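Enquirer: This is the structure I want to talk about, given as structure tokens.
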Amino acid sequence: MNSVLSHRLMRPLAAAFVGVITPLAFAPYQFWPLALLSPFILLLLLHQQSAKRAALIAYLWGIGQFAVGISWVHVSIDTFGGMPKIASLFLMTLLVGYLALYPSLFGWLLNRLFPNNSRSKWLCAAPALWLITDWLRGWVMTGFPWLWLGYSQIDSPLANFAPIGGVELITLLLLFCAGSLAYAVLNRRWLMACIPLVVYATGYGLQAMQWVTPQTERTASLALIQGNIEQGLKWLPSQRWPTIMKYTDLTRENWDADVIIWPEAAIPAFEYEISSFLHNLDAAARMNQSAVITGIINQSDDKQYFNSVLTVGDTPHGEYRYDLTQRYHKYHLLPFGEFVPFEEILRPLAPFFNLPMSSFSQGAYVQPNLIAKGFAFVTALCYEIIFNEQVRDNVTPDTDFLLTLSNDAWFGRSIGPLQHMEIARMRALELGKPLIRATNNGVTAVTDERGRIMAQLPQFETGVLKATVTPTRGSTPYFLWGTTPLYLWVGLAAGFAFWRQRRAR
């Protein structure tokens, strides 16, 4: 292999190619074995390279992965950013280049701290360092934990580890398997190549575990409204009431549902502007013994703006009244979409930095469950569903469902909304709670507590998804402990590998 890769450009080019094909492991392609093959090849390419060289190789792997895997971001920048194509491509290049720094850091740390070809390097250090750099990517500058390798395994046997340690545990196991294969190939210890078989077989066996129990005596009939409102028209004043009446008409046909759910910011107006309409909607819902959950925009007395969710109809609060303390307010805001860092500098530069509804304030990190028709919903608005610890910290023993409202119309007919749905499915599996996802134009769907899609609407069509969903009782290990055991393992594994490295010297 070294002879094939002896030319100084071969390893970086090979890494870039492997990075490019890595997104095929994720939705909509879901060729999940690539999520094991890709880091395995990357580890081989890093072998016997200087730390500086390893950083370059891993950086190009990251460039390939993110240039393809998050290409959908450019759809939003190019379509709604109001800037020349060259400028939108430049911004996209900056984003991809930034995200690739994290794989680069992994490569540098691995070969700087562990230059030898040892078993502890491949089986302990590599998985630990990968997880550390993933965590950093999910935290720095509000975080962007998209394309974590574990998400690709939602339909593989490894998915059954999610209720134990979340998506991070799956990522850790992928790197553990990749490291064992790298060690086997580099040292001709072929027995080590059996480790992935054992790990996947264990995952398959875990399918029999029943972490939670369906409450068959309690079922909720739901109607999810997919309005399919064109993003370019959504915030035009002339389209406000046509949009609201479209959702109202679709709702009127489905008052037999326990809970009717509209998507994120389905009502393109501030709540205080349409209080009469909401009073009427509340009265109609209560008359039909139903409840409506909808996304809406709010403004507080001190002129702070919130991306909110409200419930009307059969709720514990009685008749509708304008009270912001009884709303869910989005906590994790999307940079440049819902708030603009350094806005005094950036907003004058281009329309992209001055999009509609891009001056929001944060809600609280932990908020009460929304109650509708006696069911408790943990809410995550759009981007928030990718932050697993935030969702987990809002779940209580009384939570019935995970609810995520979104508007992915920003990203057109790209792979982004399908990746988004894949991530949402993982939240259901981790926490053992059915997930309800209502969107403007897809993917609108309902999953069971194992993240399996039970019902789904076609994308880019107006429609109503009717489904009966059963809540669960009980707790998964991940709900009880979160990622704390993984933090401990990473610290111990990295420390052990470093100790072995020093001892070998």
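Cβ atoms here come from the backbone N, Cα and C positions, even for glycine.
Pulled from Swiss-Prot, these are the listed features:
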- GLU264: active site, proton acceptor (ACT_SITE)
- LYS330: active site (ACT_SITE)
- CYS382: active site, nucleophile (ACT_SITE)
- 225-471: domain 'CN hydrolase' (DOMAIN)
- 15-46: transmembrane segment (TRANSMEM)
- 55-75: transmembrane segment (TRANSMEM)
- 89-109: transmembrane segment (TRANSMEM)
- 129-149: transmembrane segment (TRANSMEM)
- 161-181: transmembrane segment (TRANSMEM)
- 192-212: transmembrane segment (TRANSMEM)
- 479-499: transmembrane segment (TRANSMEM)
Enquirer: Can you tell me which recorded stretch out of 55-75, 89-109, 129-149, 192-212 has the most Cβ pairs within less than 8 Å of the transmembrane segment (15-46)?
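Expert: Most contacts with the transmembrane segment (15-46): 55-75.
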Enquirer: Of the listed stretches 89-109, 192-212, 479-499, which one has the most C-beta pairs under 8 A with the transmembrane segment (129-149)?
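Expert: Looking only at 89-109, 192-212, 479-499, the most contacts with the transmembrane segment (129-149) come from 89-109.
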Enquirer: Given the residue listed as 'active site' and GLU264 (active site, proton acceptor), what distance in Å do their CA atoms have, once rounded to a whole number?
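Expert: Given the Cα positions, the residue listed as 'active site' is 10 Å from GLU264 (active site, proton acceptor).
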Enquirer: Around the residue listed as 'active site', how many other CB atoms lie within 10 A of its CB?
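Expert: That number is 25.
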Enquirer: Whole-number answer please: how many Å between the C-alpha atoms of GLU264 (active site, proton acceptor) and the residue listed as 'active site, nucleophile'?
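Expert: One finds 7 Å between the Cα atoms of these residues.
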Enquirer: Could you give the residue numbers and ranges of same-chain residues that sit at least 6 residues beyond the transmembrane segment (479-499) on either side and whose C-beta is under 8 angstroms from one of its C-beta atoms?
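Expert: For the transmembrane segment (479-499), the sequence-distant neighbours (Cβ-Cβ under 8 Å, at least 6 residues beyond its ends) are 113-114, 118, 120-121, 124-125, 127-129, 131-132, 165-166, 168-169, 172, 389, 392, 395, 430-432.
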Enquirer: Here are some active-site residues: GLU264, CYS382. Which one has the most Cβ atoms within 10 Å of its Cβ?
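Expert: Top count of Cβ atoms within 10 Å goes to CYS382.
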